[in-house]
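Swiss-Prot annotations:
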BINDING   Asn103, Thr153, Lys157, Arg275, His307, Ser359  substrate binding site
ACT_SITE  Lys155  active site, proton acceptor
MOD_RES   Lys181  N6-carboxylysine
BINDING   Lys181, Asp183, Glu184  Mg(2+) binding site
ACT_SITE  His274  active site, proton acceptor
SITE      Lys314  site 'Transition state stabilizer'
Amino acid sequence: DLTYYTPEYQTKDTDILAAFRMTPQPGVPAEEAGAAVAAESSTGTWTTVWTDGLTTLDRYKGRCYDIEPVPGEENQYIAYVAYPLDLFEEGSVTNMFTSIVGNVFGFKALRALRLEDLRIPPAYPKTFIGPPHGIQVERDKLNKYGRPLLGCTIKPKLGLSAKNYGRAVYECLRGGLDFTKDDENVNSQPFMRWRDRFLFVAEALFKALAETGEIKGHYLNATAGTSEEMMKRARFARELGAPIVMHDYLTGGFTANTSLAFYCRDNGLLLHIHRAMHAVIDRQRNHGMHFRVLAKALRMSGGDHIHAGTVVGKLEGEREVTLGFVDLLRDDYIEKDRSRGIYFTQDWVSMPGVIPVASGGIHVWHMPALTEIFGDDAVLQFCGGTLGHPWGNAPGAVANRVALEACVQARNEGRDL
């Protein structure tokens with residue numbers, strides 16, 4: 001049905017725009033594939049139905065308005081689709097994804113399909129709360145300025161008792177870290193129930209705070225099997241006076257995540273977001289969804305921190321692409337820049353920013369590169385890079401803090417990192 005391919009269409013400021021990387025089956029023309037994507041992800045179905053006459057499809061249909069071949073790839077195209085804003089429920093990332101990526105990825109005429117980027121018009125984010133607090137409010141709450149923040153995931157991630165877990169938290173925070181973190185798989189298992197962990201961690205937080213004079217946090221993982229249980233854990237964290245809780249937003253789901261974000265804003269809790277399961281969705285180059293789309297969705301659904309890869313030691317091109325979605329998380333206005341993987345100019349207007357978290361395989365020798373790449377508004381998480389120190393956890397934390405302060409001072413003095 002080629003009525004969904006409309007190259008003459010002028011996109012509206014209120015449209016949601018999507019860039020899909022399409023690989024059609026052999027023999028299927030690109031225009032036909034692009035039209036099929038637009039139809040299946042909006043008002044179309046596999047046949048003409050008489051009830052189409054009861055609505056104005058021209059007002060509600062998605063339109064494929066541009067198709068460009070991908071240079072260097074055989075039979076691969078970027079298809080641009082515009083969706084009228086009325087197709088989406090206000091304040092629901094869940095509904096946005098159900099529409100745009102819900103069904104179309106299993107389409108027979110396509111060999112593969114990947115959602116590369118979305119342009120969210122300012123009218124739509126205005127219906128979301130977004131991050132519970134955002135970067136500036138977080139700095140004010142923590143009273144920490146002019147440098148990246150330091151974190152560490154407590155390992156071994158599974159198997160410690162609550163008491164020993166709390167001890168590891170205390171040692172890291174006492175040594176100089178700002179945050180420690182529950183691993184994403186730490187929920188409430190037989191060897192360590194969530195309530196016991198929360199209690200011992202709270203004790204560690206306040207002891208470290210009293211001895212260092214710095215505000216300390218531990219990402220208490222509230223992720224649970226039901227959203228009611230998740231809220232119960234968040235409430236208990238607040239009752240203990242903890243400054244921050246954590247959620248696995250992809251495994252926990254956007255609906256639960258947005259509920260938790262509302263609770264965190266109402267109750268002064270920061271919200272740390274882990275992206276467990278993201279590689280299932282974003283790892284394949286030609287099928288699935290790019291992480292920058294998941295990052296934009298999280299900024300709308302709500303979170304103050306999100307894991308965003310490390311950049312260090314990878315290819316240069318990957319560095320640019322990672323910095324592209326790091327900017328999408330932090331900045332108000334991001335210009336279209338294809339070299340950084342940004343297909344559309346994105347204007348967030350006044351929505352608070354999210355702090356990117358660099359985590360996984362980094363250690364103290366990466367500090368100069370990390371401070372240069374990420375700047376101040378980031379959390380640098382050294383897991384094995386703290387707990388793997390030959391002298392113990394606290395000296396590992398000291399090493400990271402000293403390295404960070406040295407790099408920040410060198411940068412401020414204008415030296416070459």
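A Cβ is built for glycine as well, from the same backbone N, Cα and C atoms used for every other residue.
The structure, with features from Swiss-Prot marked on it.
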| residue | record | DSSP (3 states) |
| --- | --- | --- |
| Asn103 | substrate binding site | coil |
| Thr153 | substrate binding site | strand |
| Lys181 | N6-carboxylysine | strand |
| His274 | active site, proton acceptor | strand |
| His307 | substrate binding site | strand |
| Ser359 | substrate binding site | strand |
Item to check | Lys181, Asp183, Glu184 excluded, remaining Cβ within 8 Å of their centroid (Mg(2+)) | outcome: Thr153, Ile154, Lys157, Asp182, Asn185, Val186, Tyr219, Asn221, Met246, His274
Item to check | recorded positions listed as Lys155, His274, Arg275, least Cβ neighbours within 10 Å | outcome: Lys155
Checklist entry - C-alpha of His307 (substrate binding site) to C-alpha of Lys155 (active site, proton acceptor): distance in Å? => result 18
Next on the checklist: Can you tell me which of the recorded positions Lys155, Lys181, Asp183, Glu184 is spatially closest to Arg275 (substrate binding site)? Compare CA atoms only.
Outcome noted: Glu184
Checklist outcome for this item: For Asn103 (substrate binding site), the closest of the recorded positions by C-alpha position, picking from Lys155, Lys181, Asp183, Glu184, His274, is His274
Checklist entry - Considering the binding-site residues Lys157, His307, which residue's Cβ sits among the greatest number of other Cβ atoms within 10 Å? => result His307
Checklist outcome for this item: Among the binding-site residues Asn103, Ser359, the one whose Cβ has the most other Cβ atoms within 10 Å is Ser359
Checklist entry - Tell me, which binding-site residues from Asp183, Glu184, Ser359 are within 10 Å of Lys155 (active site, proton acceptor) if we use the C-alpha atoms? => result Asp183
Next on the checklist: So if I measure Cβ to Cβ from Asp183 (Mg(2+) binding site) and keep only same-chain residues at least 6 apart in sequence, which ones fall under 8 Å?
Outcome noted: Thr153, Ile154, Lys155, Lys157, Leu158, Asn221
Checklist outcome for this item: Excluding its own, the Cβ atoms lying within 10 Å of the Cβ of Thr153 (substrate binding site) add up to 23
Checklist entry - Between the recorded positions Lys181, Glu184, Ser359, which lies closest to His274 (active site, proton acceptor), Cα to Cα? => result Glu184
Checklist entry - What are the non-local neighbours of the residue listed as 'N6-carboxylysine', defined as same-chain residues 6+ apart in sequence with CB under 8 A from its CB? => result Gly151, Cys152, Thr153, Ile154, His218, Tyr219, Met246, His272, Gln381
Item to check | Glu184 (Mg(2+) binding site) CB neighbourhood, other CB atoms within 10 A | outcome: 20
